[in-house]
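Pulled from TrEMBL, these are the features on record:
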- 11-22: compositional bias 'Pro residues' (COMPBIAS)
- 1-30: region 'Disordered' (REGION)
- 60-79: transmembrane segment (TRANSMEM)
- 115-134: transmembrane segment (TRANSMEM)
- 155-173: transmembrane segment (TRANSMEM)
- 179-198: transmembrane segment (TRANSMEM)
- 240-261: transmembrane segment (TRANSMEM)
- 382-404: transmembrane segment (TRANSMEM)
- 410-429: transmembrane segment (TRANSMEM)
- 441-460: transmembrane segment (TRANSMEM)
- 480-499: transmembrane segment (TRANSMEM)
Amino acid sequence: MGETENHHHPPPPQAAAPPAAPPNLALSRGPTWTPAEQLHQLQYCIHSNPSWPQALLLAFQHYIVNLGTTVLIASNIVPLMGGTHGDKARVIQVLLFMSGINTLLQTLIGSRLPTVMGASIAYTLPLFSIVNDYNDEDFASPHDRFVHSMRTIQGSMIVSSFFNIILGYGRAWGELTRFFSPIVVVPVVCLVGLGLFARGFPLLGNCVEIGLPMLILLMICQQYLKRIHSRAHLILERFALLLCIGIVWAFAAILTVSGAYNNVKPATKQSCRTDRSFLMSSAPWIKIPYPFQWGTPIFRASHVFGMLGAALVSSAESTGTFFAAARLSGATAPPAHVLSRSIGLQGIGMLLEGLFGSLVGTTASVENVGLLGLTHIGSRRVVQISTAFMIFFSIFGKFGAFFASIPLPIFAAIYCILLGIVAASGITFIQFANSNSMRNIYVLGVSLFLGLSIPQYFVTSRTFDGHGPVRTNAVWFNDILNTIFSSPATVAIIVGTLLDNTLEANHVEDRGIPWWKPFQHSKGDVRTEEFYSYPLRINEYLPSRFL
């Protein structure tokens, strides 16, 4: 027994040490960036405001940017309906007036984001159907055919507006967005910008000698010349757009007066000359839009159903634009209940547009959201002030016609930059999900490609009179499908949501759900009340289901 006291047992064998993890080479090559829910380089965010003189100039910029799409739609559609230059001027006035009213409503009791509600190009296909129907009928004059078409558009918009009202205030749209994740938001927001590429260089190319100098000058002034002096940095970063428009517009006027476009094709004259819009000579000095100004609305079931497709597409495109606006204004992602009430209010806006005789409905303006990123100013007040310019110039027609005579290639050059900024803001949402997941790469790739490819097929297959590739005996059915699948953002929502919710992920974190889930509830994030609550304590008087 004594021997055992001095006996030492050998130490137990040690388990082999686990192999050392390979070094993270990314860390050794430079810093890595942590996800940021809010951009920190904005000079003014959603609820901070610049000085009043700066706010007025910035608001005027928003008015000018919104004007381009308004003039483009009216210039393309009104002549097909038999309208005169005077009719086109009145249509532009109504579009601007309703844009101002709807923007003010959205920023007050809708999304509360700094988004301008502008004319939507999604309504063009249903309009083509109305135009084609009345081309086969006899009218006393082309103007009578135009008025008859406008009355039909009025009736179709009034009825189809209730679809958005029910979709929004019935909370159905918010429930749909609960199936979203950062993997879905990325292609939707990207294609909200990239899907409008036809408004960029293809439109600029109609007059390269004006559009290209505008594009180059804007990039140089806004990004390079601002480095010369600290004072120049402030002015050029915020107001380079107005400066460049003035310079190139004056250059276009000099070319027009000097006779540079006297012996060119009619299409070139229309794009390049500053006196081809005929708005200054045809617009009234004062004209206040009023309900039923074109006459009693005409209700046709086939056109109403066709307009429903456009209403759905405008809702989808507005949703993607709202996410981009939140990103570029320093707000958090809009919750489901905010998206619902904004779409419901968009339906009310569409009802007002039908009553006042607007040519098309409105949607959240993508180019104006891009302006938030260009100027680094996401102030809600600036956008609210811009509604005063829209309403003022819609009533005093001669003044509005002066700015509406800016050649469209100048606007196209601006859109090349603004739409790109919006598309890039969509890419930033990938930081909240696993960008190294092959499953996520698949969903993103397929959604982005089909979101571009399918609408491109529908657009290129469209005939001159607006007939798309879906051609059945039911015209209303054709309009619905052709409109839906001509929208890149809508296709991205359909494809992305379907794939993201049916393909299994290794971990729920891969999809970014832990980051996304708090924004699906009104109380999920403490900042939601700060960014999206109603003003003046209106929420105390509303049912909780609307909050």
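Every residue gets a Cβ built from N, Cα and C, even glycine.
Since this is a predicted model, take the numbers as computed values, not measurements.
By the Cβ criterion (under 8 Å, sequence separation of 6 or more), the transmembrane segment (480-499) is in contact with the transmembrane segment (179-198), since 3+ such pairs are found. The stretch in closest packing with the transmembrane segment (240-261), judged by the count of Cβ pairs under 8 Å and taken from 60-79, 179-198, 382-404, is 60-79. Sequence-distant contacts of the transmembrane segment (60-79) (same chain, at least 6 residues past either end, Cβ-Cβ under 8 Å): 87-88, 91-92, 95-96, 99, 116, 118-119, 121, 124, 127, 131, 146, 199, 203, 239, 241-242, 245, 277, 359-360, 365, 367-368, 371, 375, 382-383, 386, 389-390, 393, 403-404, 406, 408, 411-412, 414-415, 418. Outside the transmembrane segment (410-429) by six or more residues, the chain places 65, 67-69, 71-72, 182, 185-194, 196-197, 199-204, 206, 210-212, 214-215, 218-219, 241, 245, 248-249, 252, 320-321, 323-324, 327-328, 366-371, 373-374 with a CB less than 8 A from a CB of the stretch. Outside the transmembrane segment (179-198), and at least 6 residues removed from its termini, the chain residues within Cβ reach (under 8 Å) are 316-317, 319-321, 323-324, 327, 333, 366, 370, 415, 419-427, 429-430, 432-433, 440, 443-444, 447-448, 451-452, 455, 459, 487-489, 491-493, 495-497, 500-501, 511-513, 515-516. Long-range contacts of the transmembrane segment (115-134) within its own chain (CB-CB distance under 8 A, at least 6 residues past either end) are made by residues 62, 65-66, 69-70, 73, 76-77, 80-81, 95, 99, 102-103, 106-107, 145, 148-149, 152-153, 156, 302-303, 306-307, 309-310, 313-314, 317, 321-322, 325, 346, 349, 359-365, 367-369, 383, 386, 465-468, 475, 479, 482-483, 486-487.
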